[in-house]
Amino acid sequence: MGNTDGQARFVQLALCRILDANLDRAREGLRTIEEWCRFGLDNASLTDECKHLRQELAHWHTPALRAARDTPGDAGTALTHPDEAQRSSVQAVLQANLCRVEEALRVLEEYGKVYDPEMGGAFKQMRYRVYVLESKLTANQRQQRLERSRLYLVTAPTETLFATVEAALQGGLKLVQYRDKTADDEVRLSNAQKLCQLCRRYDALFIVNDRVDLAIAVDADGVHLGQQDLPIALARQLLGAQRLIGRSTHCPDDLHRAIQEGADYIGVGPVYETPTKAGRPAAGFDYVRYAAAHATVPWFAIGGIDTNNLHEVRAAKVDRVAIVRAIMHAEQPMVTTQYFLAQLGNGRSEE
Ligand SMILES: Cc1ncc(COP(=O)(O)OP(=O)(O)O)c(N)n1
Ligand SMILES: Cc1nc(C(=O)O)sc1CCOP(=O)(O)O
Ligand SMILES: [Mg+2]
């Protein structure tokens, strides 16, 4: 009998320690996420949601559970994973902390059911709220990063593909599209995988041209679709709400349709005729100025833009440009990228 009592007390104590440790874990993780929502994203509603979740956790974190804490006797405190010592980017910090919160809430849900019948349901509900937070955070992150991008490198299949893209990333580029109209799928998949990893290392968005299947396969940030490519609605179904979809536009009708169909950004061009898109006539500056006045999503002027004509393009109220040859064929892609970025700056072009 005494033994059974002892066992029951041991189980109760272990339960309290599990709940205490996971309440701490979830609260710390949420606080880490909250700081980014507040100071990094300046997003009041996401900040508020983190705070409310933390307050609800605090409500369950009773003195009885805290009293069970035995940090010196906890065999787990010395265990760390090498990944914890180093995070490659803010994204990695957020991802790790979202996982941490979700895992902790799952543990709280399972063991909480034994401790207090109301705990299971409460933590389950919180876990779903964290999934929603994660979706909003991911979608918002990509949109915000897109908004901040003024220079968009669209690749061409050169022998120095990876070195050139890496040089541009070292120059500060934050948005890359993999475009290769001729390679076999096997090569495209492998190139897209490598470029995607490269972009992750430099905290840059990675978009795949034309191919929704490749974008999904390599977990890209989005896809770019031309007027002859898949409809946006179908791509959205396949890619989900969080990935970016870009659409090429060549005239005002294209622009309004793309925005109405839910494109996250549009290409506007060709500004000048270009051998990269041989046979397509220039859309010209009238259309560029129309886009400047009417586009309600980020838009990138594209087609024949280089360091010599950038000032003329800027004068047509262009804040964002997409470039193929001027960077892919540059002698010094890093320096050229830095030049474009410096010229594009952060603000609006001269009135
Ligand atoms: C940013 C950007 N704008 C336009 C295009 C051209 O897309 P599309 O008309 O589908 O032509 P291809 O690139 O597929 O030949 C683009 N890729 N990126
Ligand atoms: C791929 C592409 N799309 C265009 C459009 O107008 O939709 S122009 C273009 C080619 C841009 O290449 P470059 O910078 O070498 O001129
Ligand atoms: Mg296309």
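Every residue, even glycine, has its Cβ placed from backbone N, Cα and C.
Fair warning: this is a prediction, and the values are worked out from it, not measured in the lab.
Annotated 4-amino-2-methyl-5-(diphosphooxymethyl)pyrimidine binding in TrEMBL involves Gln177, Tyr178, Arg179, Asp180, Lys181, Asn209, Ser248 plus, out of the candidates Lys136, Lys277, the residue Lys277. Arg179 (4-amino-2-methyl-5-(diphosphooxymethyl)pyrimidine binding site) falls outside any helix or strand according to DSSP and counts as coil. Proximity to ligand 2 at the level of Cβ atoms, with a cut-off under 6 angstroms, picks out Ser248, Lys277 from the binding-site residues Tyr178, Asp180, Asn209, Asp210, Ser248, Lys277. Per DSSP, the secondary structure of the region 'Unknown' (1-129) breaks down as 107 helix, 0 strand, 22 coil.
Distance noted between the C-alpha atoms of Lys181 (4-amino-2-methyl-5-(diphosphooxymethyl)pyrimidine binding site) and Asp210 (Mg(2+) binding site) is 9 Å.
With a 10 A radius on its CB, Asp180 (4-amino-2-methyl-5-(diphosphooxymethyl)pyrimidine binding site) counts 18 other CB atoms from all the protein chains.
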